[in-house]
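These come from TrEMBL:
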TRANSMEM  12-32  transmembrane segment
TRANSMEM  39-62  transmembrane segment
TRANSMEM  82-100  transmembrane segment
TRANSMEM  107-125  transmembrane segment
TRANSMEM  131-153  transmembrane segment
DOMAIN    167-265  domain 'Copper resistance protein D'
TRANSMEM  174-193  transmembrane segment
TRANSMEM  205-228  transmembrane segment
TRANSMEM  249-269  transmembrane segment
Amino acid sequence: MLTLLVLFSKFGLYLTALMGLGAALHSAAAIVTPRRWLVILGLGLIIAVSLRLALLNAQLAGGLSAAFSPDTFSWIWPANRSQAMAFLAGGGLIAASSLAPLKYLRLPAALLIAAGFGLGGHTQGLDTPGLAPWFAGVHALIAGFWIVAPFTLWPHASLDADLVHARMERFSKIALWCVPFLFVSGIWLALRLAGSLEAILSSSYGQLLLAKLLLATLALAIGAWNKLRITHLLKNDAPSGVASLKRSLGADILVFAGILLVIAAATTLTGPGAV
(Lines of atoms letter the chains of each structure in order from A; the text may use other names.)
(Lines give C-alpha, C1' and ligand atoms only; values in the text may rest on other atoms or scores of the structure.)
Protein backbone atom coordinates (compact mmCIF):
# COMPACT_ATOMS: atom_id res chain seq x y z
CA MET A 1 0.00 0.00 0.00
CA LEU A 2 2.74 2.45 0.98
CA THR A 3 4.78 1.58 -2.12
CA LEU A 4 1.73 2.26 -4.30
CA LEU A 5 1.22 5.64 -2.63
CA VAL A 6 4.88 6.49 -3.19
CA LEU A 7 4.53 5.51 -6.86
CA PHE A 8 1.51 7.74 -7.42
CA SER A 9 3.06 10.59 -5.44
CA LYS A 10 6.01 10.44 -7.84
CA PHE A 11 3.56 10.46 -10.78
CA GLY A 12 1.85 13.53 -9.28
CA LEU A 13 5.18 15.24 -8.73
CA TYR A 14 6.27 14.69 -12.33
CA LEU A 15 2.85 15.72 -13.63
CA THR A 16 2.68 19.03 -11.76
CA ALA A 17 6.37 19.86 -12.30
CA LEU A 18 6.40 19.21 -16.04
CA MET A 19 2.99 20.74 -16.71
CA GLY A 20 3.84 23.72 -14.52
CA LEU A 21 7.07 24.51 -16.31
CA GLY A 22 5.41 23.76 -19.65
CA ALA A 23 2.54 26.15 -18.93
CA ALA A 24 5.04 28.83 -17.97
CA LEU A 25 6.99 28.27 -21.20
CA HIS A 26 3.85 28.35 -23.36
CA SER A 27 2.83 31.60 -21.73
CA ALA A 28 6.29 33.10 -22.21
CA ALA A 29 6.27 31.95 -25.86
CA ALA A 30 2.90 33.64 -26.50
CA ILE A 31 1.12 30.33 -27.12
CA VAL A 32 -1.13 31.39 -24.23
CA THR A 33 -1.89 29.73 -20.90
CA PRO A 34 -4.87 30.81 -18.74
CA ARG A 35 -3.59 32.50 -15.61
CA ARG A 36 -5.68 30.27 -13.36
CA TRP A 37 -3.68 27.30 -14.68
CA LEU A 38 -0.51 28.92 -13.40
CA VAL A 39 -2.02 29.21 -9.92
CA ILE A 40 -3.36 25.64 -9.92
CA LEU A 41 -0.16 24.08 -11.26
CA GLY A 42 2.15 26.16 -9.07
CA LEU A 43 0.26 25.34 -5.87
CA GLY A 44 -0.20 21.76 -7.09
CA LEU A 45 3.56 21.36 -7.38
CA ILE A 46 4.08 22.66 -3.84
CA ILE A 47 1.51 20.14 -2.55
CA ALA A 48 3.06 17.32 -4.61
CA VAL A 49 6.55 18.02 -3.22
CA SER A 50 5.23 18.13 0.35
CA LEU A 51 3.33 14.87 -0.12
CA ARG A 52 6.36 13.23 -1.70
CA LEU A 53 8.59 14.17 1.25
CA ALA A 54 6.01 12.95 3.76
CA LEU A 55 5.68 9.58 2.02
CA LEU A 56 9.45 9.17 1.76
CA ASN A 57 9.58 9.83 5.49
CA ALA A 58 6.86 7.24 6.10
CA GLN A 59 8.67 4.72 3.89
CA LEU A 60 11.91 5.15 5.83
CA ALA A 61 10.15 4.98 9.20
CA GLY A 62 8.12 1.93 8.18
CA GLY A 63 4.55 3.25 8.19
CA LEU A 64 2.19 6.11 7.38
CA SER A 65 1.82 6.94 11.07
CA ALA A 66 5.41 8.22 11.01
CA ALA A 67 5.02 10.39 7.90
CA PHE A 68 5.76 13.55 9.88
CA SER A 69 8.35 12.12 12.27
CA PRO A 70 11.21 14.62 12.70
CA ASP A 71 13.61 11.81 13.61
CA THR A 72 13.53 10.18 10.18
CA PHE A 73 13.01 13.47 8.33
CA SER A 74 16.54 14.46 9.35
CA TRP A 75 17.67 11.61 7.07
CA ILE A 76 15.23 12.34 4.24
CA TRP A 77 15.76 16.08 3.92
CA PRO A 78 19.53 16.31 3.18
CA ALA A 79 19.27 13.89 0.24
CA ASN A 80 16.26 15.67 -1.27
CA ARG A 81 16.86 19.26 -0.19
CA SER A 82 18.26 20.72 -3.43
CA GLN A 83 15.58 19.25 -5.67
CA ALA A 84 12.76 20.00 -3.23
CA MET A 85 13.84 23.63 -2.82
CA ALA A 86 14.05 24.10 -6.60
CA PHE A 87 10.58 22.62 -7.09
CA LEU A 88 9.04 24.55 -4.19
CA ALA A 89 10.56 27.84 -5.31
CA GLY A 90 9.57 27.18 -8.93
CA GLY A 91 6.00 26.33 -7.93
CA GLY A 92 5.75 29.50 -5.89
CA LEU A 93 7.09 31.62 -8.74
CA ILE A 94 4.67 30.07 -11.24
CA ALA A 95 1.71 30.79 -8.98
CA ALA A 96 2.95 34.35 -8.39
CA SER A 97 3.48 34.89 -12.12
CA SER A 98 -0.29 34.66 -12.65
CA LEU A 99 -0.36 38.29 -11.52
CA ALA A 100 0.16 40.55 -14.52
CA PRO A 101 2.93 42.67 -12.91
CA LEU A 102 4.90 39.46 -12.16
CA LYS A 103 4.50 37.69 -15.50
CA TYR A 104 8.26 38.07 -16.09
CA LEU A 105 8.73 35.33 -13.45
CA ARG A 106 7.36 32.62 -15.76
CA LEU A 107 10.55 31.83 -17.65
CA PRO A 108 12.77 31.85 -14.51
CA ALA A 109 10.22 29.59 -12.79
CA ALA A 110 10.35 27.09 -15.67
CA LEU A 111 14.15 27.08 -15.64
CA LEU A 112 14.20 26.58 -11.87
CA ILE A 113 11.87 23.58 -12.03
CA ALA A 114 13.86 22.08 -14.90
CA ALA A 115 17.02 22.51 -12.83
CA GLY A 116 15.31 20.59 -10.04
CA PHE A 117 15.23 17.48 -12.25
CA GLY A 118 19.01 17.64 -12.48
CA LEU A 119 19.50 18.33 -8.78
CA GLY A 120 18.02 14.99 -7.73
CA GLY A 121 17.14 11.60 -9.11
CA HIS A 122 19.26 8.87 -10.62
CA THR A 123 21.71 11.15 -12.43
CA GLN A 124 22.96 12.35 -9.05
CA GLY A 125 23.53 8.73 -8.03
CA LEU A 126 26.03 8.07 -10.81
CA ASP A 127 29.65 7.61 -9.72
CA THR A 128 30.65 10.43 -12.06
CA PRO A 129 27.53 12.45 -12.95
CA GLY A 130 29.39 14.75 -15.32
CA LEU A 131 26.95 16.36 -17.74
CA ALA A 132 24.12 13.93 -16.94
CA PRO A 133 22.30 16.26 -14.48
CA TRP A 134 22.50 19.09 -17.02
CA PHE A 135 21.08 16.85 -19.73
CA ALA A 136 18.32 15.76 -17.34
CA GLY A 137 17.38 19.39 -16.72
CA VAL A 138 17.24 20.32 -20.40
CA HIS A 139 15.41 17.06 -21.16
CA ALA A 140 12.76 17.96 -18.56
CA LEU A 141 12.47 21.51 -19.90
CA ILE A 142 11.65 20.31 -23.42
CA ALA A 143 9.43 17.48 -22.13
CA GLY A 144 7.36 19.97 -20.13
CA PHE A 145 6.95 22.20 -23.18
CA TRP A 146 5.67 19.18 -25.13
CA ILE A 147 3.50 17.56 -22.45
CA VAL A 148 1.37 20.64 -21.77
CA ALA A 149 0.64 21.19 -25.48
CA PRO A 150 -2.56 19.07 -25.67
CA PHE A 151 -4.11 21.38 -23.09
CA THR A 152 -2.95 24.74 -24.42
CA LEU A 153 -3.76 23.76 -28.01
CA TRP A 154 -7.15 22.22 -27.23
CA PRO A 155 -9.76 23.71 -29.64
CA HIS A 156 -12.38 24.97 -27.20
CA ALA A 157 -15.72 25.98 -28.67
CA SER A 158 -15.02 29.63 -27.83
CA LEU A 159 -11.88 29.67 -29.99
CA ASP A 160 -11.85 30.52 -33.67
CA ALA A 161 -10.28 27.84 -35.91
CA ASP A 162 -7.81 30.41 -37.25
CA LEU A 163 -6.61 31.14 -33.71
CA VAL A 164 -6.20 27.42 -32.99
CA HIS A 165 -4.22 27.08 -36.23
CA ALA A 166 -2.01 30.04 -35.30
CA ARG A 167 -1.25 28.52 -31.89
CA MET A 168 -0.39 25.18 -33.47
CA GLU A 169 1.94 26.88 -35.92
CA ARG A 170 3.64 28.77 -33.11
CA PHE A 171 4.10 25.58 -31.09
CA SER A 172 5.36 23.61 -34.11
CA LYS A 173 8.02 26.18 -34.98
CA ILE A 174 9.53 25.86 -31.50
CA ALA A 175 9.03 22.09 -31.17
CA LEU A 176 10.73 21.48 -34.52
CA TRP A 177 14.02 22.64 -32.99
CA CYS A 178 13.57 21.27 -29.48
CA VAL A 179 12.05 17.80 -29.80
CA PRO A 180 15.02 16.22 -31.66
CA PHE A 181 17.25 17.14 -28.71
CA LEU A 182 14.65 15.62 -26.38
CA PHE A 183 15.13 12.25 -28.10
CA VAL A 184 18.92 12.53 -28.32
CA SER A 185 19.24 13.47 -24.65
CA GLY A 186 16.75 10.77 -23.65
CA ILE A 187 18.71 8.03 -25.43
CA TRP A 188 22.02 9.31 -24.03
CA LEU A 189 20.63 9.46 -20.49
CA ALA A 190 19.16 5.96 -20.81
CA LEU A 191 22.57 4.57 -21.81
CA ARG A 192 24.31 6.46 -18.99
CA LEU A 193 21.83 5.35 -16.34
CA ALA A 194 21.40 1.75 -17.46
CA GLY A 195 25.11 1.37 -18.18
CA SER A 196 24.92 -0.25 -21.61
CA LEU A 197 22.63 -1.20 -24.46
CA GLU A 198 22.61 -4.77 -23.13
CA ALA A 199 21.37 -3.53 -19.74
CA ILE A 200 18.59 -1.54 -21.41
CA LEU A 201 17.38 -4.67 -23.18
CA SER A 202 17.81 -7.12 -20.30
CA SER A 203 17.13 -5.28 -17.01
CA SER A 204 13.73 -4.22 -15.67
CA TYR A 205 15.00 -0.66 -15.30
CA GLY A 206 16.30 -0.57 -18.86
CA GLN A 207 13.09 -2.03 -20.24
CA LEU A 208 11.06 0.69 -18.54
CA LEU A 209 13.33 3.31 -20.11
CA LEU A 210 12.85 1.59 -23.46
CA ALA A 211 9.06 1.64 -22.96
CA LYS A 212 9.29 5.37 -22.29
CA LEU A 213 11.21 5.84 -25.56
CA LEU A 214 8.64 3.84 -27.52
CA LEU A 215 5.77 5.87 -26.07
CA ALA A 216 7.61 9.10 -26.85
CA THR A 217 8.06 7.89 -30.43
CA LEU A 218 4.31 7.29 -30.63
CA ALA A 219 3.71 10.85 -29.36
CA LEU A 220 6.12 12.12 -32.02
CA ALA A 221 4.16 10.29 -34.70
CA ILE A 222 0.94 11.89 -33.45
CA GLY A 223 2.65 15.28 -33.54
CA ALA A 224 3.79 14.70 -37.11
CA TRP A 225 0.20 13.84 -38.07
CA ASN A 226 -0.95 17.09 -36.46
CA LYS A 227 1.61 19.06 -38.41
CA LEU A 228 1.19 17.39 -41.78
CA ARG A 229 -2.54 16.72 -41.86
CA ILE A 230 -4.55 18.50 -39.17
CA THR A 231 -3.09 21.98 -39.66
CA HIS A 232 -4.11 21.68 -43.33
CA LEU A 233 -7.63 20.63 -42.32
CA LEU A 234 -7.97 23.56 -39.92
CA LYS A 235 -7.31 25.98 -42.77
CA ASN A 236 -9.47 24.30 -45.40
CA ASP A 237 -12.17 22.39 -43.51
CA ALA A 238 -12.39 23.83 -39.99
CA PRO A 239 -15.10 21.51 -38.54
CA SER A 240 -13.24 18.36 -39.64
CA GLY A 241 -9.95 19.85 -38.51
CA VAL A 242 -11.26 20.66 -35.04
CA ALA A 243 -12.77 17.18 -34.62
CA SER A 244 -9.55 15.50 -35.77
CA LEU A 245 -7.46 17.73 -33.52
CA LYS A 246 -9.53 16.80 -30.47
CA ARG A 247 -9.02 13.09 -31.17
CA SER A 248 -5.31 13.60 -31.76
CA LEU A 249 -4.75 15.67 -28.62
CA GLY A 250 -6.81 13.19 -26.59
CA ALA A 251 -4.50 10.41 -27.76
CA ASP A 252 -1.52 12.60 -26.83
CA ILE A 253 -2.84 13.01 -23.29
CA LEU A 254 -3.12 9.23 -22.86
CA VAL A 255 0.38 8.65 -24.25
CA PHE A 256 1.93 11.34 -22.03
CA ALA A 257 0.16 9.92 -18.97
CA GLY A 258 1.64 6.53 -19.87
CA ILE A 259 5.12 8.05 -20.15
CA LEU A 260 4.87 9.68 -16.72
CA LEU A 261 3.62 6.45 -15.16
CA VAL A 262 6.51 4.50 -16.69
CA ILE A 263 9.03 7.06 -15.42
CA ALA A 264 7.46 6.97 -11.96
CA ALA A 265 7.74 3.17 -11.96
CA ALA A 266 11.36 3.29 -13.14
CA THR A 267 12.34 5.68 -10.35
CA THR A 268 10.23 4.07 -7.61
CA LEU A 269 10.02 0.31 -8.17
CA THR A 270 13.47 -0.22 -9.66
CA GLY A 271 16.63 1.72 -10.52
CA PRO A 272 20.05 1.58 -12.21
CA GLY A 273 21.68 -1.78 -11.66
CA ALA A 274 18.40 -3.64 -11.13
CA VAL A 275 18.04 -6.95 -12.94
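Backbone N, Cα and C define each Cβ position, glycine as well.
On a predicted model such as this, the values are computed, not experimentally measured, just so you know.
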Practice problem: Return yes if the transmembrane segment (131-153) and the transmembrane segment (12-32) have at least 3 CB pairs under 8 Å (sequence gap of 6 or more), otherwise no. | Solution: yes
Exercise. Restricting to the domain 'Copper resistance protein D' (167-265), report the mean pLDDT as a whole number.
Key: 91
